[in-house]
């Protein structure tokens with residue numbers, strides 16, 4: 001039984017000089033990960049005598065972390081997180097990082113999703129006797145880690161104890177997870193699931209304050225390290241745990257070998273183009289996607305006796321591929337859609353009506369580039385088709401003769417269970433439809449999809465050491481196993497737009513009492529009086 005699923009950005013920072021506060025740099029790093037989540041954000045730092053300081057809330061990084069908020073976050077190491085809105089997760093009770101005071105004081109941030117939460121919840125209740133206060137599997141992961149550490153029974157723990165505890169986590173938990181943790185007065189930790197589905201890496205620099213010693217950073221994407229002056233970026237390996245203290249770095253493979261299969265959708269859509277993930281330049285992979293898509297477009301246009309006058313990208317993610325495609329086909333490339341940068345990503349908006357309304361706010365079509373032309377619109381992917389339908393209509397409204405849509409990704413026909421909150425199968429425009437039916441559904445004259453083999457090769461040729469990718473949204477094959485029809489049905493029930501609206505309503509009406517029944521979360525555990533929602537740790541958000 002799944003809990004709530006989040007594709008997020010995570011960050012951990014340890015400064016060599018504990019007297020220098022890390023919060024401002026963590027906030028800067030989170031702003032560079034804002035594309036991974038615009039719904040909520042949080043930072044917890046560790047100050048003198050191991051005391052934690054927390055600030056988290058719904059909203060963008062720039063809004064939550066003003067000068068006043070940052071000034072209250074004391075300490076030379078910390079963990080940060082950004083989250084996008086998912087089924088039911090619209091209150092700051094589920095904003096991360098999470099915290100437990102026992103054992104030792106642990107802070108935890110996570111990107112991904114577990115697929116065996118039902119049995120884990122039962123274990124937490126019946127064996128570990130730990131209370132899970134939210135419907136986030138990130139809190140569940142934290143408590144499993146904490147419970148494993150508790151088993152040492154030690155007054156003080158060492159790296160060996162931590163590696164043993166994380167080894168227990170990866171053997172107990174199935175799914176996708178990239179995690180960053182912090183132990184009070186000890187250091188920061190990162191680990192990754194055995195398949196390496198979700199990304200996290202690390203980098204270092206000479207200590208900015210004293211010139212002696214090293215500062216260290218963990219982050220979802222390398223762009224954070226680049227912008228903050230860190231170098232020697234290195235991905236945390238699948239199934240690996242890394243512990244960093246002011247005395248140095250310890251690394252260990254804590255999981256049994258599994259198929260390395262990073263999520264290919266990171267390269268298609270989520271990651272920034274200036275990031276390098278698992279040794280692959282996201283920018284170069286998108287260039288390659290455009291090159292091979294050009295060949296498919298040429299073939300399909302010839303078969304349909306069609307010509308194209310102009311190539312126009314849907315900003316921003318598809319720009320790189322669209323430019324390469326246009327160059328390969330010797331066609332004009334034009335920025336026909338102008339984007340309002342202050343509106344969030346539409347496919348992760350909660351509610352179909354909100355998404356439809358938002359597309360027109362987000363993009364404006366310039367008639368000059370469309371009028372009386374056969375237009376090839378290039379997009380990174382087509383999910384629900386809501387955005388694509390609006391975009392096609394916008395192009396026709398300003399005078400396009402024919403509108404052909406080319407997708408850098410194959411048809412998305414299956415839900416993602418590894419941390420991307422995609423809709424149910426019936427909401428996916430490609431589910432149960434061939435390409436002609438998809439074209440009719442979005443109002444296009446023609447739709448052209450990248451082949452899966454071409455997409456995989458576009459990424460893999462930049463690092464042949466990656467044996468395969470998680471392509472489950474295209475194939476329905478889930479690399480971890482353990483995903484059957486009943487699981488998919490439950491995850492679809494949870495994620496459907498109707499259930500989101502119902503859950504939101506119930507949260508507003510709830511008096512704060514929520515329970516797990518037969519592995520299913522019902523109700524809401526969030527205090528409704530504005531009090532702090534992380535038990536035992538004060539939230540400085542909006543403090544006077």
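Cβ atoms here come from the backbone N, Cα and C positions, even for glycine.
Features reported for this protein in TrEMBL:
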type     : residues      : note
SIGNAL   : 1-22          : signal peptide
ACT_SITE : 8             : active site, nucleophile
DOMAIN   : 8-247         : domain 'Glutamine amidotransferase type-2'
BINDING  : 317, 379, 380 : Mg(2+) binding site
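Structure coloured by features recorded in TrEMBL.
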{"residue": "8", "record": "active site, nucleophile", "CB count, 10 Å": "25"}
{"residue": "317", "record": "Mg(2+) binding site", "CB count, 10 Å": "23"}
{"residue": "379", "record": "Mg(2+) binding site", "CB count, 10 Å": "22"}
{"residue": "380", "record": "Mg(2+) binding site", "CB count, 10 Å": "25"}
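Sequence-ordered, the extra residues of this chain that approach the Mg(2+) site, with Cβ no more than 8 Å from the Cβ center of 317, 379, 380, are 268, 269, 313, 314, 318, 321, 378, 381, 407, 408, 409. Closest to the residue listed as 'active site, nucleophile' by Cα-Cα distance, out of the binding-site residues 317, 379, 380, is 317.
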